[in-house]
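Feature annotation from Swiss-Prot assigns active site, charge relay system to 77, 127, 228. The disulfide bond feature in Swiss-Prot is assigned to 62-78, 161-234, 194-215, 224-252; the stated evidence is sequence analysis. Annotation source Swiss-Prot lists domain 'Peptidase S1' at 31-275, citing sequence analysis. The N-linked glycosylation site annotation in Swiss-Prot covers 106, 117. Residues or ranges marked as signal peptide in Swiss-Prot: 1-15.
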């Protein structure tokens, strides 16, 4: 089945990790086929939180990345709920384990891409959004920025990149306590090949994978529910560059790549709101 964040978000009563019992300790690892992240490897990774009515806690709903001391890049579908206000969200930065000494940042503005649109099988286009924090963050080894690509950067099929998050470790299998951030290496899959896979599985004749989408992953190596909005990064000339934003997929870790918003398609839009220096 398709994994769509809106099916698991706390305001719909879905399954979301909550604050761990201090007595629980599990060593199982995930994203899908992933490993625990060493400290300070991905200092731009953030957790987007929503105040769950049932738990009374700020629950993790999506990932995101810090691209400016006061701005977070995430997926539009993470913040697509009609009437959702910035004041109902929080962002946690510099954390490897969810809910471990939370110091949540207030969100003051949500900017969804105006072309964002949902279809029955996923998202047609522009699954990208910006969140403005209440105040600029002080950068450090634990909290830092990821570089964005230039709009002309070409990410070749077969290139190995990394996706990170606190999402499910398999279909309907949440990341267990202590909710340690996961990473997995995934190969880039060309849009034509990716589109053929999805046309077949979804029985669609129309184009499924648009030009502003990017595919990555292989059997047993994938992002999953609750990873949405998180970064797909590639090592480029000794610099980590964010090339994708986790968007949607069919199952988790099957022999189908995950689908990401292609960051190069939206760098110019991002610059309209945030003054940034492009990467390679």
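Cβ atoms are placed via backbone N, Cα and C, with glycine included.
On a predicted model such as this, the values are computed, not experimentally measured, just so you know.
Recorded residues residue 127 (active site, charge relay system) and residue 161 (disulfide bond) have their alpha carbons 20 Å apart, per Cα-Cα distance. Among the recorded positions 161, 194, 228, the ones whose Cα sits within 10 Å of the Cα of residue 62 (disulfide bond) are 228. Annotation for residue 215 (disulfide bond): same-chain Cβ neighbours under 8 Å, separated by at least 6 residues, are 188, 189, 190, 191, 193, 194, 209, 257, 258, 259, 260. Neighbours of residue 228 (active site, charge relay system) among the recorded positions 77, 78, 117, 161, 252, defined as a Cα within 10 Å of its Cα, are 77, 78. Counting only same-chain residues six or more apart in sequence, the Cβ atoms lying under 8 angstroms from the Cβ of residue 234 (disulfide bond) belong to 155, 159, 160, 161, 162, 188, 240, 241, 243. A Cα-Cα distance of 20 Å separates residue 117 (N-linked glycosylation site) from residue 224 (disulfide bond). Comparing C-alpha positions, residue 78 (disulfide bond) sits nearest to 224 among the recorded positions 106, 224, 252. In this structure the alpha carbons, written CA, of residue 224 (disulfide bond) and residue 77 (active site, charge relay system) are 14 Å apart. Just so you know, the Cβ of residue 77 (active site, charge relay system) picks up 25 other Cβ atoms within 10 Å once every protein chain is counted.
Under the DSSP three-state reduction, residue 252 (disulfide bond) is assigned to coil, being neither helix nor strand.
Same-chain residues at least 6 positions away in sequence with a Cβ under 8 Å from that of residue 106 (N-linked glycosylation site) are, in sequence order, 87, 90, 133, 134.
Between the CA atoms of residue 77 (active site, charge relay system) and residue 252 (disulfide bond) there is a gap of 18 Å.
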